[in-house]
Amino acid sequence: MVKAVAVLNSSEGVSGTYLFTQVGVAPTTVNGNISGLKPGLHGFHVHALGDTTNGCMSTGPHYNPAGKEHGAPEDEVRHAGDLGNITVGEDGTASFTITDKQIPLTGPQSIIGRAVVVHADPDDLGKGGHELSKSTGNAGGRIACGIIGLQG
């Protein structure tokens, strides 16, 4: 079993922890808790770079080793890092579990060392018709991020 963690922070008071687990070649499970967000849906993605020298802006685009258009987690055509939305309650917190086969913790397409980013707005899953729908899901600004690192 391989485990990883990302601790998310922002200058706007958002904080959270995402735990990643993968057994063998099975899909990766992500268990997340985050607080300090406005209620509603927020896009969240794995971004290509684990670089936070300029905050979340330096994490690069969505992780997309296959060069596909943006889509929903269940779509065949999607970035590997397209993880959809998290639902934030009225208290500003969210807890969630997802399982995804395109975010491995081992091998040549491992997400270790990359960043996870939470966005200000909902991800339209590539179906919104906006000029940014097919690249970012029109999910708005990057409000919190953390680097995915191996956990002992």
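In case you wondered, yes, glycine gets a Cβ from its N, Cα and C as well.
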Residue in His119, His130 which Swiss-Prot records at the Cu cation site where His45, His47, His62 also bind: His119
Largest tally of Cβ atoms lying within 10 Å of a Cβ, found at which of the disulfide-bonded residues Cys56, Cys145: Cys145
Any further residue of that chain within 8 Å (Cβ to the Cβ centroid of His62, His70, His79, Asp82) of the recorded Zn(2+) site: His45, Tyr63, Asn64, Lys68, Glu69, Gly71, Arg78, Ala80, Gly81, Gly126, Ser135, Thr136, Gly137
Nearest recorded site to Asp82 (Zn(2+) binding site) by CA-CA distance, among binding-site residues His45, His62, His119: His45
His62 (Cu cation binding site) to His70 (Zn(2+) binding site) - Cα separation in whole Å: 9
